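Undergrad: Got a structure for you, questions after.
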C-alpha cells in the first residue's frame, strides 16, 4: 500500500473509533495535517452526532466548515472527550514530534484539554528514537536569534522555516518556526521542559509531557492499535 492509502486507512479507523467512543452531543477535537484532513473527510459522514468541533488550525477550521461542521471556540467548551491528530514521529512510549504543518501550539492546547489523544499515523512515523524529523519550535519573532543560539547550545541545528515562495513562514498566531535538526531525543520529557523554558519560545513540537493515549497505525497488515 502507498503512504496515501495507509493514511486513508487509518483515518477511516479513527472515524470508526470516535463513532464508537465519543458520546452523541459531545465536542470533537480535530488536529491538522494531511492525515487529519482525511479524518475530517471520513468523520463528516456522521457529523450530526457531534455538538461541534474544536480545531487546531485555520486550515482545519475551513475544511470542517466546508463539510458543515459547527466549529467552536475552545473558550466556549468545557470538555473534549477525544482529540484526533497525526504526528511527524512517535515512539514506543507515545511521545511525539508534531508541528510539521505549523500548528503545534494550538495542537498542544487542544490536546491538553482532551481526555484522550488519539494519534493517527502511517507506519513510517513509528520510530525507536525521535529526532530524524527536525523538531519544530514556535518562537516570538523578536527572540528568533536568541532562541536559535540556545537551541545550538543544546546540540541542535536550527533553521528558520520559510514558505515555498521564499518568505518567512508565519504561524496562525503570527510567530515564526525554527526547525531544529541534529537532536537525538533520548529524554523527550526533559527536552520538552528545557526548550519550553527558553525565553521567547511559545512551545516546542515535542508532545511527551502530554503524549498519545491511543495510536492507530496504518500498516501493510491493516491498522494496529496501541494503548499507552
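Placed from the backbone N, Cα and C atoms, the Cβ positions cover glycine too.
Because the structure is a prediction, the values reported are computed rather than measured.
Straight from Swiss-Prot, here's the annotation block:
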ACT_SITE  107  active site, proton acceptor
BINDING   32, 33, 34, 35, 85, 86, 87, 88, 98, 99, 100, 101, 125  substrate binding site
Undergrad: Can you check which residues sit near residue 100 (substrate binding site), meaning Cβ under 8 Å from its Cβ, same chain, 6 or more apart in sequence, and list them in order?
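TA: Listed in sequence order, they are 33, 88, 133, 136.
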Undergrad: Beyond 32, 33, 34, 35, 85, 86, 87, 88, 98, 99, 100, 101, 125, what residues of that chain have CB atoms within 8 A of the centre of the substrate site's CB atoms?
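TA: Sorted by sequence, the hits are 31, 36, 121.
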Undergrad: Looking only at C-alpha atoms, tell me how far residue 87 (substrate binding site) is from residue 107 (active site, proton acceptor), rounded to the nearest Å.
TA: 11
Undergrad: In sequence order, which same-chain residues at least six apart have a C-beta under 8 angstroms from residue 125 (substrate binding site)?
TA: 86, 87, 88, 89, 90, 217
Undergrad: Measuring Cα to Cα, how far is residue 34 (substrate binding site) from the residue listed as 'active site, proton acceptor' in Å?
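TA: Here the two Cα atoms lie 14 Å apart.
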Undergrad: Return the residue, from the listed binding-site residues 32, 34, with the maximum count of other C-beta atoms within 10 angstroms of its C-beta.
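TA: The largest 10 Å Cβ neighbour count belongs to 32.
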